[in-house]
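Heads up, the thing below is written out as structure tokens.
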């Protein structure tokens, strides 16, 4: 392929069968998809000779049989040479259903999806489940552990260590304690073994010490092949909640969670497929399995049949010491996040007759008959977990024979080197699919992905809004309902402008109606408090899409602009009109239904890999919560509507369960390509191809322009189209890197997995250009500017014919959007469509790339409108500037701010003399600042970017540090590094900030972005 080395992985990580077909298709003529496998077998037979004559005959007969059905020797017919799709329409084709509307689940595509060889070895299963340690025997040097990665905080002196598979798990503690004692005089009483992880694909443990100098000792643990620091991971953050009524609402079945948009209704009704037999593991806060919709019990024969508690009730940020047990119930957290997630996957309300547990609206999980597993990695406070607990839970879920694992927890990140991502990669390779929430940081702009959602082998999930939700309503004079959202208490000390400061007339006993825009200076709470002062009993705000902060003193709510205008016209015509306010719920349509949720994080990753992979329904999702959470939140029923990619992720996991059930759920180990019945589980890459090819591209709210793929991935999942697919792309996503590193052309395959000859027409539709920077400002925008500016794409060939089971390679050449400014590094994206002219089926792949040279992107923020920049702050909060030479007192602490516009692999903060680059009086090139804030060296590894000031995401505004004049000098003595810490002598210095450029080599000084602060006098 015409691809740079760092792009091969994005287009070649496909199903092995797909890859073999592509390689045999070098002449760009259509070939039978399975032919290469038979060819390989024949060649092996020939090599073996007389010892395998009988096998050769059997294979020959099989090939002859295959040839007679007309598929082996069929060829594709290209009808044109090439075509340019440079001016593709912004709306593009719309995916249509692609299977007859029958109740059968025996589909043409299943022979392709399940195809594999019969078992040739009685040890195949064991071979598939045995980890290959041949590439893992070299001892890994422990990387420098950054004190903070986004909102993940280092848990000091705590590590995950991995041993070779043949090391006895019973000896882990002895091995760790013996090595630590020998290398660093750490006695056994100072070492705590947190978790032993004994899996067929991981053998190791996590431990902590009470000493502060254990990094070097940890590197020397006998037989250790991987060592990772452990981080605290923040607990789930609910973005928006509406609570269920104690009265039931009659409505269409499952209308509440947009099953009509995602094909779930069709799969349930036409195929009677509810996911039975599939095992889905939920790694979260635990599950209240006592809830009747989740089975009412735990263990064999129960709906929640397997799981483990890795944390214990008391586990928290202030007490990060796990006390594990065998019961994963969450009957204490106020968020009940895990129970909500579990309900989205598989809640089943059939047979519930207790009024308290009957939901307010007809409701079901996406796959209501799956078997659930619960893995609790939070305590009752649910304020944080740790990376070792999540890692242990991943391996335990795999060993407990989960088919799918879903994780809706994580934190800000940009890169993928993490024990959780390693676990996801290994588990995925073994045939278990993993869905991971991408994050809720969409209000922070581009590159706001979370870890472990950034893992290459995870299916990272973005969020789209549901179709309906429950809302309080007002009864209008004509009996119609006006829906409103209640406001929350707001600080009464708001700002003022002329309108807000004007004295209001008496409003005694009334509900006042205000209009409001985001351009107003004074707050909603301030206005409503003024209304209270003149006698108002309530305050309503009408505008577009506003959620009010509200007043402390009177009820406050928000309604739509149209409803506000309707009230005004009604009251103007009839001043005595009566509006009745209720605390009742009604089913209200959501204006943003089926469009990307505003909170959904945006890609790309720090290496310009594509995230998310696909989108699920995550905005305003109705599901179960624990009885305890209902009581704590004064709710009438144990159900709640919540929003987040936390909700979209189990939604997609449920669709994967329906897919597996539709193909008979082959065992995970059959992903190796062998099964006794000849039916294997499809690899993750193949499943990704199927789901992405059949997703529906979605548009920006109130626009005909497709949302950027950096927000929606392939589009909104449609499981019906995935199950009935007749065509797929391989690969189904293309990461195009930046202008400098983009390939001249890309080759992908269109594969006919149906049972009829297909005539394809290729086309292109662009998605919105996402410009994440503004001219003259180093920091990224909180919201990218979206424009209808698209790439030019040349597709060759543009038409061709494929018989069943055949693939055709097409070539794509990308020209960047004409109006894109490379200095602002915008992200362009879009969709390549294959339309089957025979049956109307439409499938697609999606792509994303950057305009400009990402390798020279300015990493440090030195100029921005918010004023939050990289530099040295004086005691009054202002920054040290050139020419002033202030005296800074290290005894009281000197504040250093590090602000990153883009992520980077490493940031180093060093002290240099004011007039040069060599530290005065020391025989080293520089000295690394030692910060009092984290009691560590100012070396930040893999830091994600900072968000614009005032945004309020988990991406911090800056990386602040307090410096007390200490520096750390590192040298090497034999195989050991020697660290010396000392106070710097008073004098005149500068701070040197260095960040590794994207795609840079840390061994090359020229690959660092470097700038020096203004000079200052260091005093004590």
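Heads up, residue numbers simply count up from 1 along the chain you see.
Backbone N, Cα and C define each Cβ position, glycine as well.
Residue 284 (active site, charge relay system) has a Cβ environment of 34 other Cβ atoms inside 10 Å. The active site, charge relay system annotation in TrEMBL covers 284 (among others).
Taken from TrEMBL, the feature active site, charge relay system applies to 337 (among others).
All protein chains shown were included, and the count of other CB atoms within 10 Å of the CB of residue 646 (active site, charge relay system) stands at 31. Marked as active site, charge relay system by TrEMBL: 646 (among others).
According to TrEMBL, the compositional bias 'Polar residues' annotation covers 1-15.
As annotated by TrEMBL, domain 'Peptidase S8/S53' applies to 275-672.
Annotation source TrEMBL lists domain 'C5a peptidase/Subtilisin-like protease SBT2-like Fn3-like' at 735-837.
TrEMBL lists 1-27 (among others) with the feature region 'Disordered'.
Feature annotation from TrEMBL assigns region 'Disordered' to 69-102 (among others).
If you look up TrEMBL, you'll see 38-63 marked as transmembrane segment.
Rounded to the nearest whole angstrom, the C-alpha distance between residue 337 (active site, charge relay system) and residue 284 (active site, charge relay system) is 7. A gap of 10 Å separates the Cα atoms of residue 646 (active site, charge relay system) and residue 284 (active site, charge relay system). Note on the domain 'Peptidase S8/S53' (275-672): mean pLDDT across this stretch is 89.
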